[in-house]
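Right, one structure below, let's go through it.
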């Protein structure tokens with residue numbers, strides 16, 4: 001390996017020999033970038049080897065990697081190694097590097113008050129799973145520990161297991177098809193749809209006294225995050241829903257009781273672009289729609305879109321832009337990171353300023369009014385959509401008729417403002433009064449609704465937030 005530094009211990013060379021390589025060279029300058037990456041990987045392995053030599057767990061790590069066996073023992077390091085790995089999102093505007101790790105040019109202090117002294121930050125189990133198993137790993141949301149891991153990240157022990165074969169990739173659950181009766185009555189026009197644009201929504205600071213009930217320990221993010229991973233109680237979701245999580249619902253339990261109807265299964269399929277994002281300044285649409293194909297993307301205020309994972313608002317011009325909008329745009333900074341993993345959508349605030357989210361799906365989970373706007377502080381993340389919850393609501397709404405299904409259209413649209421919030425507690429009471437905001441259209445659920453409505457005998461009108 002050309003990047004190996006002098007005096008590299010043999011065990012480090014052996015472990016680096018098992019490193020998984022990402023496909024492609026990264027285009028122009030890829031050779032230099034790959035060289036820097038290999039040097040960093042060597043440093044990461046050296047640091048881990050140094051820690052494990054002190055505890056006698058080095059042999060177990062090498063055994064796990066060479067045999068690729070999940071039945072090996074836990075390989076642990078102290079979970080308080082924040083001075084090297086970092087356990088929270090930084091509150092400074094720095095570059096997110098090509099490996100998905102935070103890069104720092106100098107010492108910075110994280111949200112939990114600890115001093116960061118390394119040039120990159122990341123969760124240790126994510127770093128080593130990326131190094132030895134999945135080079136395309138983006139986030140801890142994509143990982144879950146195996147059952148026999150005693151020091152899994154989500155258990156929040158004093159030690160954390162970094163055995164890459166003690167973690168699995170989260171798989172996207174298969175949604176059961178919705179059984180839809182074919183109705184003979186054809187509607188000539190769509191019913192009115194309240195998309196909350198002109199209403200004055202309530203406000204909340206998540207989690208503000210809300211404690212989601214769960215039957216298992218959620219894989220929560222590290223300190224400095226707000227998280228609500230895990231399912232909530234059925235009472236919070238909907239008083240009339242059957243007991244059990246959406247994952248346990250089947251086409252039989254979700255289908256209409258009258259089996260004499262002509263029932264047709266309507267299945268969910270993943271689109272090429274999981275969401276489309278439109279940017280607005282006040283009530284004016286600015287720029288073209290961004291179509292997201294990658295499971296992780298950022299919407300930021302910068303001007304250098306390096307790849308398909310960035311929507312840079314700094315590039316967009318608007319002749320009608322006023323001073324308030326200009327000032328707000330300067331504070332967007334690193335903006336928001338959106339993840340689509342395992343049928344769930346997460347929003348993580350990377351900016352120094354809060355973001356404000358209106359997600360009817362999230363609001364229903366917590367028993368809030370559908371139009372409630374939730375403030376997400378810097379360094380925090382929130383689950384803003386869950387495909388399984390939506391599938392359960394869709395199957396239930398089919399029994400209630402066309403209009404009930406059509407009203408679910410608004411659940412597939414998420415609005416998000418930067419820096420400035422809106423609602424009853426703010427001077428700006430509607431989203432179109434905020435200087436900078438975006439609207440996400442979740443294409444998979446919207447296309448599913450299209451197919452269900454068509455099967456029910458609806459007019460051939462595509463679902464959108466503006467329908």
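Cβ coordinates come from backbone N, Cα and C, glycine included.
Predicted, not measured: the structure shown is a model, and the values here were computed from it.
It is 207-251, from the ranges 117-161, 162-206, 207-251, that Swiss-Prot records as region 'Disordered'. Per-site Cβ counts within 10 Å over the recorded positions 19, 166 peak at 166. Close to the recorded Zn(2+) site, the chain also has 73, 75, 76, 145, 146, 148, 150, 151, 152, 162, 163, 167: residues not among 74, 149, 161, 166 whose Cβ is within 8 Å of the site's Cβ mean position. Of the recorded residues, residue 161 (Zn(2+) binding site) and residue 8 (phosphothreonine) place their C-alpha atoms 25 Å from one another. Model confidence over the domain 'MH1' (10-176) is summarised by a mean pLDDT of 72. In this structure the C-alpha atoms belonging to residue 19 (N6-acetyllysine) and residue 8 (phosphothreonine) are separated by 16 Å. On the backbone, the CA of residue 8 (phosphothreonine) and the CA of residue 149 (Zn(2+) binding site) stand 31 Å apart.
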